[in-house]
Amino acid sequence: MERGADLVVPIKRLDRAKSRLRGAVSDVEHAELVLALLLDTVTAALSAEGVRRVLVVCEDERVPAALRGTGVECVDERGLPGLNAALTFGAESLRTPSGTVGALQADLPALRPADLSAAIEEAGGRRAFCADRQGTGTTLLLAARGEQLDPRFGPGSAGAHAATGAVRVGASRPSLRCDVDTGHDLGVAAELGLGVATGKFTGSFDLRCTTSP
Ligand SMILES: Nc1nc2c(ncn2[C@@H]2O[C@H](COP(=O)(O)OP(=O)(O)OP(=O)(O)O)[C@@H](O)[C@H]2O)c(=O)[nH]1
Ligand SMILES: C=C(OP(=O)(O)O)C(=O)O
């Protein structure tokens, strides 16, 4: 039996991603900020005990360039239609008969490796999810050991994942629940402690931005 998990991290084309966060930094820096959120997320994930492989599924050529030499793998999503299709494609390429595959959102810049490890441990090979701070979205989905990911990301995904039989994990792990959608979220993440890449922008944040998608 394999312990731990292999994780897929999806990332949209950088200029189109995180539209509600637009304005937190200057327009020219927006793509760099989105990339920084990803880099801090995957760096923390790869150093978490129990995480074996981290595979980014992307549609932007700047992403593999930025990940080169980090140990994080990267694959182009090849025009697949949307987030859940991209995740399924990535997860199937990682899946083994007795291993656990999972999906981790790309916007967790305060992620602590210990929080991710604890959630994987808590799942114990069961299908599981971690809800975001608001309790409606999902930051981490883990398939049952050896099973398909069957992702249901999108509005209300926490409820959708619970309805598929996933157990809730990581409820007391703030860094795993702190996804950054808005300027306010960025402020909360900064209080928890940002990773190095996102932290470089701290001096230029405008946390009042709440642009509608
Ligand atoms: N590869 C891939 N990743 C995606 C896709 N759609 C969303 N993502 C990723 O899924 C997560 C959500 O991305 P966004 O849709 O930009 O985030 P959001 O907070 O919903 O963005 P806004 O609503 O625009 O503010 C992030 O991890 C993205 O990088 C997709 O079609 N393909
Ligand atoms: C897609 C999701 O989140 P977001 O829109 O914040 O990326 C989700 O939580 O299922």
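Note: Cβ is positioned from N, Cα and C throughout, glycine not excepted.
Model, not experiment: these values are computed from the prediction.
Binding of phosphoenolpyruvate is attributed by TrEMBL to GLY154, SER157, and the same site annotation extends, among THR136, THR138, THR139, to THR138. What surrounds the phosphoenolpyruvate site, by Cβ distance within 8 Å of the Cβ centroid and not counting THR138, GLY154, SER157, is the set GLY137, PRO151, ARG152, PHE153, PRO155, GLY156, ALA158, ALA160, HIS161 from the same chain. Same-chain residues at least 6 positions away in sequence with a Cβ under 8 Å from that of THR138 (phosphoenolpyruvate binding site) are, in sequence order, GLN105, PHE129, CYS130, ALA131, ASP132, PHE153, SER157, ALA158, HIS161. Among the residues the record lists as binding phosphoenolpyruvate, namely THR138, GLY154, SER157, the two farthest apart have Cα atoms separated by 9 Å. The 10 Å shell around the Cβ of SER157 (phosphoenolpyruvate binding site) contains 22 further Cβ atoms across the protein chains shown.
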